[in-house]
Amino acid sequence: MEKKLKSWQGWLLFGGTMVVVFVLGMIAASVNERHAEVTSVMNNKKTEITGIEARNDKFESNYPREYQTWEATADTSFKSLYNGNQAVDVLEARPEMVILWAGYAFSKDYSTPRGHMHAIEDMRNTLRVGAPMTENEGPQPATCWTCKSPDVPRMMQAMGVDNFYKGKWASLGKEIVNPIGCADCHEPENMNLHISRPALIEAFQRQGKDITKATQQEMRSLVCAQCHVEYYFKGDGKYLTFPWDKGSTVEDMEAYYDEAGFADYTHKLSRAPILKAQHPDYEISQMGIHAQRGVSCADCHMPYKSEGGVKYSDHHIQSPLAMIDRTCQVCHRESEETLRNNVYERQNKANEMRNRLETELAKAHVEAKFAWDKGATEDQMKDVLKLIRQAQWRWDFGVASHGGAFHAPQEIQRILGNGLDKAMQARLATAKVLAKLGYTDDVPMPDFSTKEKAQQYIGLDMAAERTAKEKFLNTIVPQWMKEAQENNRLAKNI
């Protein structure tokens, strides 16, 4: 017997169908509207741009909204509980870090990063690049410029990638003058997202992956992964390389470096072969729930805005905490205060572990130096140095990542906890070495309660560093700018 729907069931089915059709229609309309907006912009360009255009202001007439929001990366007014867009002297706040980086340029100067508009200025100003008075002087290679400017792909094209990397940092000072901008992430002709730095492409190739097959949503993270990653300068040519061949976890990259016999520097106190993590933001973010659910970097750091009927990406790249209504609340219904506190809770817990690890690791370096001074042999110190290397790699991997405590809180806690364990093991191993040498008392600790005391303890002449830097900024940088201006390399707002 045929079963008929009751009247109310029929109407319910009809209503449900209409709702589904309406929603699908709205989605289709939104897609078509977005496509029409993009088509309209592309068909009404006022300036034709071809090739690598490093002067960001050349894009303003075609993309005024994107350009104006990009200019806002110069803003330094936002501050959250732990970060923001202000330059904060981290060594002043955490003098233990001076000890951890003894023998490396970061012990001289390390501040929290500002927005992309400050990329060139901040690099010139940091003590880490020294004060080179000629093109062939200075402690750093030209590789250090790689992520700072759209002038980089221009010069790589002109010089060849190998030649770009192997020069001195100062040799390109007159060429790399425009801060991170349009051409770093977009093809000038059509503004499609593209990869402008070879290291990411090469890392994919070594893993048997084809980056050209990436989806549009994946590209909204991969353009960031050109720079916001762990990397190192390989060989005498200082070739920029991502250590992803074995994987992208902290242990995978450590295994890669161990196999290569690589160390960024030898620690001045402990003599441990130290790995300096850069900023493994992409790697850590991929281990978190948001990336695992398909959320891209741009979804949270460059949310869409609407103006005059036009929908566009906000190019004021910054912390999502500065715009919770357009980031977190797009998906989450909780209040701004609740969502902000959710982030702070994760950061507080990671920070607690970080503080303990920094304290123990600083002591481990000092105690290792004490053991050397007491006559310890390389064979006796072998295990100590390995443990210190492992502990510091885990500390730096977690600390150097921007936003890691939010991106992947469980992974950050695991990494820092493992680092703390390694640091404690290193201290215990040193105590055993000292006992064999006949010393069983506590190792005397120097006073490194301030940045100045810590820098003095590791032998830095900061007055000389600052004097040399001032001379460099007042003489060499103006020469670079003058030559760039004469060669028409500078954007109007630089």
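A Cβ is built for glycine as well, from the same backbone N, Cα and C atoms used for every other residue.
Values in this document were obtained by computation on a predicted structure and should not be read as measured data.
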Candidate sharing the heme c 4 site with CYS297, CYS300, HIS301 (per Swiss-Prot), from HIS186, HIS194, HIS407: HIS407
From HIS279, HIS290, HIS315, HIS365, the one annotated by Swiss-Prot with CYS328, CYS331, HIS332 for heme c 5: HIS290
CB-centroid shell, 8 A cutoff, heme c 5 site HIS290, CYS328, CYS331, HIS332, site residues removed: VAL295, CYS300, THR327, GLN329, VAL330, LEU339
Cβ within 8 Å of the mean position of the Cβ atoms of CYS297, CYS300, HIS301, HIS407: remaining residues of the chain near heme c 4: SER221, CYS224, SER285, HIS290, VAL295, SER296, ALA298, ASP299, PRO320, GLY403
Maximal Cα-Cα distance (Å) across residues annotated as binding heme c 4, namely CYS297, CYS300, HIS301, HIS407: 12
Residue pair CYS331 (heme c 5 binding site), HIS301 (heme c 4 binding site) - Cα distance, angstrom, rounded: 14
Cα-nearest neighbour of CYS227 (heme c 3 binding site) within the listed binding-site residues, CYS185, HIS186, LYS276, CYS328: CYS185
Candidates HIS186, TYR231, HIS290, CYS328, HIS407 (binding-site residues) with Cα within 10 Å of CYS224 (heme c 3 binding site): none
HIS290 (heme c 5 binding site) and LYS276 (Ca(2+) binding site), Cα-Cα, nearest whole angstrom: 27
